[in-house]
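Reviewing the structure listed below.
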Amino acid sequence: MPKVYVAIIGAGGVGKSFISQLNSYALRSKKHTISTILISRSSKAILSRDYSGLNLATWESDIASSSVSVKPPSFPDETLKFLTSAPGPVILVDNTSSEAIAAEYPRFLSSGVHLVTPNKKGFSSSLDLFKAIYAASGAQNGGYVFHEATVGAGLPVLSTLKDLIDTGDEIVKIEGVFSGTMSYLFNSFAPLSPSGSEKPFSACVAEARELGYTEPDPRDDLNGLDVARKLTILARLSGLQVSEPTSFPIQSLIPKPLESATSAEEFLVGLAGFDGEIDKVKTAAESEGAVVRYVGSLDVGKGEVSVGLRNFDRGSAIAGLKGSDNIISFYTRRYGERAMIVQGAGAGAEVTAMGVLGDLIKVLERLK
């Protein structure tokens, strides 16, 4: 079987799940021999200098005892030289959220290294970088690039959008709940069927943090930038020239006085003092027979993108979302008023890793 070499950068939550899933896939693959030649964490790495492959069953103990340190300034040159010297095709898997690594994607792709990643930074930061990535991939001998897990983790969001566009459909509008954190928060704070015992918003945020649904500092979720990055990716792939993820309206749920809180704990304590403000928003929605949700929306015809709170009729699919699920509705010329809906878990290490592995399999299917 043809041999393919895999290099993995980032072995945290998603990375660990990915390595486990890759190991299982490699053992049952009947089309390719998969050899993992690099696993890198923030400070240490292990590599197979002779390209024979690392042991994915013992990688954690191997990296713990490794003497190979990771030096970010030398990362691009040394890693690129190592990968392009491999005796066969190489797939680079970037499981980090590093902007510095994302900035190097064009170099790797133009050198023939294939790329799969859940890292949103390369596709949602500057428009110039986004274009450079796809230009490098599309050039002669450029590597393939797939990043399904940048929007919706393992949900088939980008592949659905690509299929719609490639088959000649016209994207009219895309809207939905793109954050598992925001989904959980508003399903808890403003449930479809109020029981009268709902918690104030600050308590819902504290609970979500305790359960691991938010970032360590909830402000990293409540500022809306994560959702904005996902909308930027969708907008660009739909043909809109969005310059930056901050170039359109984003409604932050962080009260202005708390933006400068010195810690997450200080922020959570102070947030309780602003419960009345967002409670008014919930009550206003209920008076209209609706519920409030935090959504992202893009209108291709109008060239408009926005992120923030909106009211939804109780009978809508968005209002009926459960737990921390995501829901993305595609309104197109073919589908008319009845949107094509993709719904399910949009966050979590296992499902994100599945999205990354699915992309790696797509690359394998395209290799001769």
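Cβ coordinates come from backbone N, Cα and C, glycine included.
Going by TrEMBL, these are the annotated features:
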type	residues	note
DOMAIN	10-141	domain 'Aspartate/homoserine dehydrogenase NAD-binding'
BINDING	GLY10, ALA11, GLY12, GLY13, VAL14, GLY15	NADP(+) binding site
BINDING	THR96, LYS120	NADPH binding site
DOMAIN	156-361	domain 'Homoserine dehydrogenase catalytic'
BINDING	GLU215	L-homoserine binding site
ACT_SITE	LYS230	active site, proton donor
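Just so you know, the Cβ of GLU215 (L-homoserine binding site) picks up 14 other Cβ atoms within 10 Å once every protein chain is counted. Long-range neighbours of GLY15 (NADP(+) binding site) (same chain, six or more residues apart, CB within less than 8 Å of its CB): ILE8, ASN95, ALA353. For GLY10 (NADP(+) binding site), the nearest neighbour among the recorded positions THR96, LYS120, GLU215, LYS230, judged by Cα separation, is THR96. Local packing around the Cβ, expressed as the count of other Cβ atoms within 10 angstroms, is greatest for LYS230 among the recorded positions LYS120, LYS230. Considering only the binding-site residues ALA11, GLY12, GLY13, VAL14, LYS120, the residues lying within 10 A of LYS230 (active site, proton donor) on a C-alpha to C-alpha basis are LYS120. Local packing around the Cβ, expressed as the count of other Cβ atoms within 10 angstroms, is greatest for GLY10 among the binding-site residues GLY10, GLY12, GLY13. Within 10 Å of the Cα of ALA11 (NADP(+) binding site), the following binding-site residues from the list THR96, LYS120, GLU215 place their own Cα: THR96.
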